[in-house]
Amino acid sequence: MQFYSAMKTSTLAISLFAVVCAAVIAVTQVTTKDQIAKNEREQRAKALYEIVPKSTIDNDLLEDTIEVIAPELQGNEQPATVYLARKGGIVKTVILPLVAPDGYSGNIHIIAGINADGSVAGVRVLAHKETPGLGDKVDTKKSDWIFSFDGLSKTSKDDDRWAVKKDGGQFDQFTGATITPRAVVNAVSRGVDYFTENRTVLLQQTNEQTAEVAK
């Protein structure tokens with residue numbers, strides 16, 4: 001009898017321990033997920049305001065957005081969040097989310113700001129898995145290559161300057177790594193084309209229209 005009582009107590013203790021462990025794991029996962037989301041939001045905000053400094057606009061970039069279905073931007077039919085930079089209620093710069101699917105090590109996630117006149121306000125890489133010391137030069141922490149887009153525009157959709165020098169264009173490739181810069185150039189080029197084709201709709205977004213589109 002004493003043996004069975006001990007067994008019952010032991011089983012109860014083990015069960016209680018399992019429940020506690022499961023609860024701790026669940027709380028940790030939720031906390032970690034929230035922290036990751038917070039970090040990603042802060043990283044995105046930092047990149048957005050590097051492209052369009054806060055002092056040049058009077059709206060909140062993270063809140064003033066529209067959702068578009070544009071496979072040419074991200075390569076899928078999922079809604080893409082477009083950020084609108086305004087001054088006095090007028091859209092000055094549109095920041096597009098881009099995905100370069102042809103990076104050396106997979107997708108390269110990018111945002112590109114396009115000014116109302118079609119020129120590039122700036123480009124930032126948000127996430128990538130490119131080779132350290134080679135393809136990672138798309139990161140501002142590694143080189144200033146990404147700034148080579150600043151102020152550029154396209155004369156047409158087939159503007160052959162929008163390619164790496166190895167392909168006859170104007171953008172430098174990296175020593176030992178051509179695939180990564182080529183992928184980024186192609187993605188940004190598609191972004192500029194998208195803006196050009198949808199310029200009127202994007203620039204005419206009022207605050208009320210933005211709220212309606214985002215619903």
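Even glycines carry a Cβ here, placed using N, Cα and C.
Please treat TrEMBL annotations as automatic predictions, because they have not gone through curation.
The following features are taken from TrEMBL:
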- 103-195: domain 'FMN-binding' (DOMAIN)
- Thr178: FMN phosphoryl threonine (MOD_RES)
- 1-22: signal peptide (SIGNAL)
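For the domain 'FMN-binding' (103-195), the predicted model reports an average pLDDT of 97. Mapped onto DSSP classes, the domain 'FMN-binding' (103-195) shows 29 helix, 23 strand, 41 coil. Around the residue listed as 'FMN phosphoryl threonine', the same-chain residues six or more apart in sequence whose CB sits under 8 Å from its CB are Val164, Lys166, listed in sequence order.
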